[in-house]
Amino acid sequence: MYAGTFILKLLLVLDSGQEDGGNGRSLSLDSIKNVVHEFIESVSSMASDISAWRNFFVAPLTEELVFRACMIPLLLCGGFNTYTVVFLCPISFSLAHLNHLLEYAQRSGSWLKALMIVGFQVGYTVIFGSYASFLFVRTGHLTAPLVAHIFCNYFGIPVIISRRTGMVTVASVAGLLGFIWFLFPLTSPNLYNATTDNCMCWHRYCSWS
């Protein structure tokens, strides 16, 4: 899903080294060093940034514990259908992000703009929440949705189209097709669980081959 984003970032790196590499796009040693140095600096700055800890560690961990590790087993053991749970939990997950409404309104000075931003965020979190719920039920582990949550919080919305080059769009389409193609094979319960017998009520992956 982030193939277009990675291609765009690669093109930015190539452009940054264009002056050192001549007329065409090329990677120079200095540009590679600069990218590595900037990455190390960004990681170091995040270590002392409270908002970074909240966005990339505390929020993903607490949200996955509540909306996946706690809520999904209760619903599954309560007799809800697997697909109902996968699409039901994200609604509560997305509504939990309405707390940003006041923050955006104060920052932008417009309630309409804040509502538009939060509305888009709610829609996006419903989609991601469904994917995270799918990962939790399918693999039987919290690690998969947690890593995906941190990853998406760091990179933000995937880049699909760029005015710079059509390569980004091609990479995005190829990445989407690859995501759909490998989604079920790479989340097979047999890859993440030693046994699929004698399962508890919330181990729905036992019957999800």
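Placement of Cβ uses the backbone N, Cα and C atoms for every residue, glycine included.
Positions annotated as signal peptide by TrEMBL: 1-19. Summarising the annotation, TrEMBL assigns domain 'CAAX prenyl protease 2/Lysostaphin resistance protein A-like' to 52-155. The annotation transmembrane segment is assigned in TrEMBL to 65-93, 114-136, 142-161, 168-184.
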Which bits of the chain, at least 6 residues beyond where the transmembrane segment (114-136) starts or stops, bring a Cβ under 8 A of a Cβ in it?
64, 67-69, 72, 85-87, 89-91, 93-95, 97-98, 100-102, 104-105, 107-108, 142, 144-145, 148-149, 152, 157, 187
Reported mean pLDDT - the domain 'CAAX prenyl protease 2/Lysostaphin resistance protein A-like' (52-155):
89
Quick one: DSSP breakdown of the domain 'CAAX prenyl protease 2/Lysostaphin resistance protein A-like' (52-155) into helix, strand and coil?
95 helix, 0 strand, 9 coil
